[in-house]
Amino acid sequence: GYKENGKDEL
Amino acid sequence: MNIFRLAGDMTHLLSILVLLLKIYATKSCSGISRKTQELYAIVFMARYLDLFTDFISVYNTFMKLIFIASSLAIVWCMRFHPVVRRSYDRELDTFRYFFLVGASFALALVWHDKFTLQEVFWAFSIYLEAVAILPQLVLLQRSGNVDNLTGQYVFFLGAYRAFYILNWIYRYMTEPRFTRWIAGISGVVQTALYADFFYYYFISWKNNSKLKLPA
């Protein structure tokens with residue numbers, strides 16, 4: 001999945 | 001998701017499992033800094049504010065829950081478990097970590113991706129994680145010999161962020177316009193703080209000797 005603010009990591 | 005990030009997440013999970021094993025198997029938390037555990041609990045709660053608002057993937061949500069639950073459970077054990085709490089090195093674990101929290105939050109107010117509550121707390125969690133290991137490293141230096149599980153715990157905890165640095169390099173090279181300056185620079189600082197530990201850990205592994213950090 002992807003998040004608009006790029007915070008797709010742990 | 002790339003191999004470096006998966007390796008990083010698995011190494012991070014492994015460090016937590018090793019710590020849980022140490023506390024459960026030995027019913028002792030000697031050599032473990034409660035302050036570092038408390039800082040990590042703050043890091044995860046500040047970083048995963050989006051846990052209930054943004055769904056990224058089952059994996060992402062599952063791991064966030066694991067990290068938050070395990071860090072809180074370890075802090076609870078070290079504070080309230082009748083047997084474990086007795087082995088806490090209270091007089092050695094004296095790092096004044098309030099300054100680490102204050103400085104990280106102040107920096108997050110200045111340097112963040114966007115000035116929103118979630119982004120400021122995310123930056124705060126990144127800066128705080130970079131220095132969260134300091135109380136634990138100070139405790140290791142003071143407590144002389146380090147038991148194997150504690151040494152492995154710190155080693156995997158340091159190694160996971162090194163894998164993340166490889167992940168950011170990989171993403172920077174493969175994804176257009178990928179930049180992650182806050183996490184990248186903080187990640188390098190965080191991993192650098194483990195440098196001397198990694199050195200002594202390697203020496204103890206090579207000589208098959210007990211891990212010992214110079215005071």
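Cβ atoms are placed via backbone N, Cα and C, with glycine included.
TrEMBL entries are annotated by machine, without manual review.
Annotation comment: TrEMBL describes B:55-76, B:97-114, B:120-140, B:152-170, B:182-202 as transmembrane segment.
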Taking B:97-114, B:120-140, B:182-202 as candidates, which has the most Cβ pairs under 8 Å with the transmembrane segment (B:152-170)?
B:182-202
State the residues, same chain only, that lie 6 or more residues beyond the ends of the transmembrane segment (B:120-140) and have a CB under 8 A from a CB inside it; answer 'none' if no residue qualifies.
31-33, 35-36, 39-40, 42-44, 46-47, 49, 89, 92-93, 95, 97, 100-101, 103-105, 107-109, 111-113, 146, 150, 154, 157-158, 182-183, 186-187, 189-190, 193-194, 197, 213
